[in-house]
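Have a look at the structure below before the remarks.
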């Protein structure tokens, strides 16, 4: 993984608000004094290469892109904790409970969420995830070790937990498995190239890049012919079963972002758009009748490009006020 991986700062600063009772809703707030992303450093990469399996303590607020074994031990009551896991785009993440010592009756909890939640917004969105929301939460205090291993549906997953008693905690092993047809992805890097493929499946797939970027679509294969249209109203590709849309916004949930352009027809590019928003999403909508494919490149916008929006063939969009 590139040591340059960093997400936008207002997504980085996170704080978990504990669940009460049987509530399934998670809220995250900013924690201005905490930044988990220095974890992604060249020193850590070298450390990983020298020791297999990799082991280290888990922090109350943490971010991990490494396979290994991670142990959390409370040194004081820890009430608002979360750890975010991210793999390569073509990977699933498996979270395995090695040892759990928490007091469920005393108000402790340990829950896995299939995806990410930041500031109350979810990725993948409810529209794009294959499971209903209730099945995306796995509560250790309800299932115990009967579900000792939990695999994500995409390259991101998270846990959130509360431990009151000093000395209590848990140990997890994080592993990754190949995903032949990655569907919903959060990019680890601000630059790259990717191909989304949906083979005869009725599903929607989103690729999220949490940076202002230039998107260049080089190839689009759909099962029908229509037209290309910048979205200026509710009209567009929405009535067609297979299309690609470009989204921009400040949040994490694609369903709450602003549609910027629709691509409704197969072509060999390039088609390029500069999107100066905090989060950019390429979303492939498939009816299940065809094999749909979109290939795109992306790179982070330089500061001077954000100041000078007229350098692209297609007008820059960033509706950050929405």
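Each position is counted from 1, following the chain as shown.
Note that Cβ sites are derived from N, Cα and C of the backbone, with glycine treated the same way.
The feature signal peptide is assigned by TrEMBL to 1-23.
Look at TrEMBL and you will find 53-177 tagged as domain 'Corticotropin-releasing factor binding protein N-terminal'.
Residues annotated as disulfide bond in TrEMBL: 60-81 (among others). Cβ neighbour count for residue 60 (disulfide bond) (all protein chains, 10 Å cutoff from its Cβ): 19.
For residue 104 (disulfide bond), applying a Cβ distance below 8 Å and a minimum sequence separation of six or more within one chain yields 140, 141. What TrEMBL lists as disulfide bond is 104-141 (among others).
The disulfide bond annotation in TrEMBL covers 183-205 (among others).
Note on the domain 'Corticotropin-releasing factor binding protein C-terminal' (185-307): DSSP counts are 8 helix, 67 strand, 48 coil. According to TrEMBL, the feature domain 'Corticotropin-releasing factor binding protein C-terminal' maps to 185-307.
What TrEMBL records for 237-264 (among others) is disulfide bond.
The annotation disulfide bond is assigned in TrEMBL to 277-318 (among others). Note on residue 277 (disulfide bond): other Cβ atoms within 10 Å of its Cβ, all shown chains, come to 27.
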Residue 264 (disulfide bond) versus residue 205 (disulfide bond) - Cα distance in angstrom: 16
Helix, strand and coil residues within the domain 'Corticotropin-releasing factor binding protein N-terminal' (53-177) as assigned by DSSP: 12 helix, 67 strand, 46 coil
When distances run from the Cα of residue 60 (disulfide bond) to each of the disulfide-bonded residues 237, 264, 277, the nearest one: 277
Between residue 277 (disulfide bond) and residue 183 (disulfide bond), the C-alpha gap once rounded to whole angstrom: 22
